[in-house]
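The block underneath contains the structure these notes are about, expressed in C-alpha cells.
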Amino acid sequence: MSNIFQQLINGLSLGSIYALMALGYTMVYGIIKLINFAHGEVYMIGAFLGYYFIQVHHLPFILALVLAMVISAFLGAVIEFLAYRPLRNSSRIAVLITAIGVSFLLQNVMIYFFGSNPRAFPQALTKKVFEFHGVQISSYQIVIIVTTVVLMLLLQFIVQKTKMGKAMRAVSVDADAARLMGINVDLTISFTFAIGSALAAAGGVLIGLYYNTINPMMGVTPGLKAFIAAVLGGIGIIPGAVIGGFSIGILETIVSALGFSLFKDAFVYAILILILLVKPSGLLGKNVKEKV
Amino acid sequence: MKLFNRINACWLALIIGSFALLAILIQAGIIDSLYEMTLVSIGINIILGLGLNLILGVSGQFSLGHAGFMAIGAYSLGISYSQDPTLKGFVIGILIGLVLSGIVAVLVGIPTLRLKGDYLAIATLGVAEIIRVAIVNMNITNGAAGLSGIPLFESIPMWQLVFLFVIITALVVVNYVRSGSGRATLAIRENEIAAESVGVNTTKYKVIAFVIGAMTASIAGALYASYYGTIVPDNFNFMKSVDILIIVVFGGMGSVTGTFVAGILLGILNTLLQDAGDLRMIIYSLALIIIMIFKPSGLLGSKEFLFSKIFTKKKAKNKKGESTDDTIRS
C-alpha cells in the first residue's frame, strides 16, 4: 500500500513538470493551431538560465526561478515575433517546419556555446526527506508540487479574470471576430507565447533541481511527452493539459515501478494512440462535427 | 496512349544520360569515394522523400513516422544479409522488409488514418517510436548496440543499385498519382468530405498511399543498412523523420521534381557544411527557417518538370488558336 502511495508521489512530481509544459503547448495550439516544437527547447533554456543565476550569481532559488521565467517569457515572445509572425497566413505545415527549425537552432546554439556534455545543477535548496508511514517525500518534490500548483492558480487567474485573459479566450475562439471587436490579436498571441514559455522555463528549473543534471538535448523527450499530455487531455483546453500532464507522469512512474522502465516511452505512445482512437478530441474535448 | 512515345523516350534518355554522366564522373575520379557517399545518401533521401511525398503531398495525410518504416527495412536486410551474404539473402532481406512494413502500415493505417491533421502526425510519431523501442528491446536486433558488420552488397556498385531504386520508386509514385486510384487520392487531399460524398472510399485510398509510402521507406532503409554496414536504433529516431519531412516540404509538397531538387540540394548543403563542425547544424537550421519564411510553399510549390509540357508549349506556339488537349495526357 505504501508502495502505491510512494509511486503516486513520484508520479505527481514528474507529472507536475509535464503539466507545466503541456499548458504552454495547449495555449499556443488553442490560439494559433501550431504544435510549437520549440517549446521543449524553451524548457531547456529555462533550466540553463536557472543554472546560470544560481551557480554564477549565487541568487536564492526563488529569485533564480522568477528571473529564468521572465527571460524565457521574453525569449518566447521574440521567437514568435521573428519566426512565426511572418508565417501567419501560410500553410500550417510551413509553420510547423519553422518550429522544428527553431528547435534545432536553439539546441545547436546551446551546444555550440556550452558543449553537449551534461552539467550538474547546483543544489540550491537543502534536501530533506520526510517520511509518513513508510512513504517518503523529499523537500524537492514538495517544492515542485507547490510551485506547480501556485503557477497553475496564477494562470487560471490570468486567463479567467484579467483583460488579457479575456482577449486570449476571444482570439482562440475566432481571431477575425476578435480583431473586429478591437482586440490586438498580435499582441495577444505574443502574450500567450510569453506565458507558455515562462511556465516551461519554471518546469526546466524544477527538473534541473530534481534530477540534478541539465544538457542542451534535455528538452526533446519531455517536449514530446508534454505535447502528448496536452493531446491526451484535449488540446486547447487548459484543465485538460493539467490532467494529461499528471496522468502521463503517474503512468510513466507506475510502468517503471513495475519493472518495464525500458518500455515506458513506448507505453506512453501506445496510451496516446488508444486514447486518440477511442476519443480523438482527448479526454475533455468535445467532438465537433465538420460541415461541408 | 502508347508506352513508346516521344515523351517516354525523352524520360528514358534523361535517365540513361544522368546514369552515364555519373558513371563517367566516377570513372574519371571527379566523384571520389567521399562524394560517392554523398551521392548514395542523396539517392536514399530521394527514395524516402518520394515515399513521404505520396503520403503527405498527394494524399494530404500528415505522417511523422517515416523513420519507423525505414528502420523495419534496415533491420530486415541487416539480419537476413548478415546470415546469408549472397544475392538470395539480399533479395530476401528486402522482401521481408517490404512485407513487414506493409503489414505494419495496414495495421496502423486503418485505425489511425481516421484521425485528422496534427492528431495523425502525433499518432504516426508514436508508432515510429514504438517500433524503435521494440527494436531496442529485442534480442535479434542486438538492442541499443545495433547491428554492425553488415556485408556490403558487391554484385554491382552501391550507387548503381540506389540509382535503380530511385528510378523504380519514382515510376511507382508517378504512375500511382496518375492512375484512377491516384486521382481519388488527390480528391481526398483537396477535400475529404466532398470526396466521400461523391463515393470515394477515403479510408481505402489513404491506406493504399500510406502502405506504398511505408514500403518505399523500407527499401531506403535496406539500402542504408547495406551501404553503411552499421545500424543502431538511434539512426531511426524522430530527427530522421523530421529530416525526411524537411526534404518533402522544402521541395514543395506534391511535387516529385521538387523532392528530387530538395534531396540533391540538401545533400550537397550537408556535405559542404561537413567541415563547419558544430556550426553546421546552426547554419542548417537557420537556412530552414529563412526558406520557410520567404518561400513557405517550398522551392517548386506543386510545379512539375514535364517533357509533355515543353512539347505542348512548342505546339501551342506553332498552331496558335488550335486546341491543345495534350495537357491532360502528359
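Cβ from N, Cα, C; glycine included.
Noted in TrEMBL for the protein shown:
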- B:12-31: transmembrane segment (TRANSMEM)
- B:37-56: transmembrane segment (TRANSMEM)
- B:63-83: transmembrane segment (TRANSMEM)
- B:89-110: transmembrane segment (TRANSMEM)
- B:119-138: transmembrane segment (TRANSMEM)
- B:158-177: transmembrane segment (TRANSMEM)
- B:207-224: transmembrane segment (TRANSMEM)
- B:244-269: transmembrane segment (TRANSMEM)
- B:281-299: transmembrane segment (TRANSMEM)
Fill in the blank from the handout: Outside the transmembrane segment (B:12-31), at least 6 residues beyond either end, the same-chain residues with a Cβ under 8 Å of its Cβ set are 39, 159-160, 163, 167
Completion exercise
Maximum Cβ pairs under 8 Å to the transmembrane segment (B:89-110) among B:37-56, B:158-177, B:207-224, B:244-269, B:281-299 is reached by B:207-224
Completion exercise
Among B:37-56, B:158-177, B:244-269, the stretch with the most Cβ pairs under 8 Å to the transmembrane segment (B:207-224) is B:37-56
Problem - Highest-contact recorded stretch vs the transmembrane segment (B:37-56), from B:158-177, B:244-269, B:281-299, CB pairs under 8 Å - result: B:244-269
Handout entry: Contact set, same chain, for the transmembrane segment (B:119-138): CB under 8 Å, 6 or more residues outside the stretch
Key = 61-69, 71-72, 75, 104, 108, 112-113, 144, 233, 236-238, 241
Fill in the blank from the handout: Tertiary contacts of the transmembrane segment (B:158-177), defined by C-beta under 8 angstroms and 6+ residue spacing from its ends, are 15, 19, 22, 26, 36, 39-40, 43-44, 46-47, 50-51, 53-54, 58, 152, 185-186, 209, 212, 216, 219-220, 223, 226-227, 256, 260
